[in-house]
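A.B. asks: Structure incoming, see below.
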Amino acid sequence: MAYAYLFKYIIIGDTGVGKSCLLLQFTDKRFQPVHDLTIGVEFGARMITIDGKQIKLQIWDTAGQESFRSITRSYYRGAAGALLVYDITRRDTFNHLTTWLEDARQHSNSNMVIMLIGNKSDLESRREVKKEEGEAFAREHGLIFMETSAKTASNVEEAFINTAKEIYEKIQEGVFDINNEANGIKIGPQHAATNATHAGNQGGQQAGGGCC
């Protein structure tokens, strides 16, 4: 299917926070309770619609282990959006956010949109990190924030789509150079065709005007 833009995402965070489950829920609308540890990087894609335009999300799901951190870093460079995930039932995953964020900002383009996600909101009885703490961290670092549940699908759709909306707004504002694919944005065939049609119509109008 033709698309106007392609946005590249990267999902980052500690091992076991539910990164692969979030991706699977978003792309396949299913939950897999037992998931093998991601080795290196996995990949998923899905089409969404923003402002009447088809946008393809290309999502890279990274390994959380320290031993794969160098591989993860190489994927930051071409990403327009990042989902930084922690587990609300494990405080250590929240405590490590600063390290992940520093790493992301050091190795990515400065305009990358980052969504902070507190995952496993369905496990309220085991919560170790208050929602207010997530909100405060996001505010302090200029991130978008949501709590999600990959199991129940709560806010999963919204997390991916709201990140895309933010990227799309930055394109409209001229913040992103869409001709530089290093920014994690690619102009699709649909967008190019629309522009060509628009240019053709303008040319036709001008030619018609000249004949009068």
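Glycine is treated like the rest: Cβ placed from N, Cα and C.
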A.B. asks: From the ranges 13-22, 63-72, 133-142, 183-192, grab the one Swiss-Prot calls motif 'Switch 2'.
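C.D. replies: Range annotated as motif 'Switch 2' by Swiss-Prot: 63-72.
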A.B. asks: Out of 37-42, 97-102, 109-114, 157-162, let me know the one Swiss-Prot marks motif 'Switch 1'.
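C.D. replies: Going through 37-42, 97-102, 109-114, 157-162 one by one, Swiss-Prot gives motif 'Switch 1' for 37-42.
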A.B. asks: To which of the binding-site residues Lys19, Lys120, Lys151 does the lowest count of other Cβ atoms within 10 Å belong?
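C.D. replies: Result for the binding-site residues Lys19, Lys120, Lys151: minimum number of other Cβ atoms within 10 Å at Lys151.
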A.B. asks: At a 10 Å cut-off from the C-beta of Ala2 (N-acetylalanine), count the other C-beta atoms across all protein chains.
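C.D. replies: A 10 Å sphere around the Cβ of Ala2 (N-acetylalanine) contains 13 other Cβ atoms.
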A.B. asks: Among the binding-site residues Asp61, Asp122, whose Cβ has the fewest other Cβ atoms within 10 Å?
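C.D. replies: Candidates: the binding-site residues Asp61, Asp122. Fewest Cβ atoms within 10 Å: Asp122.
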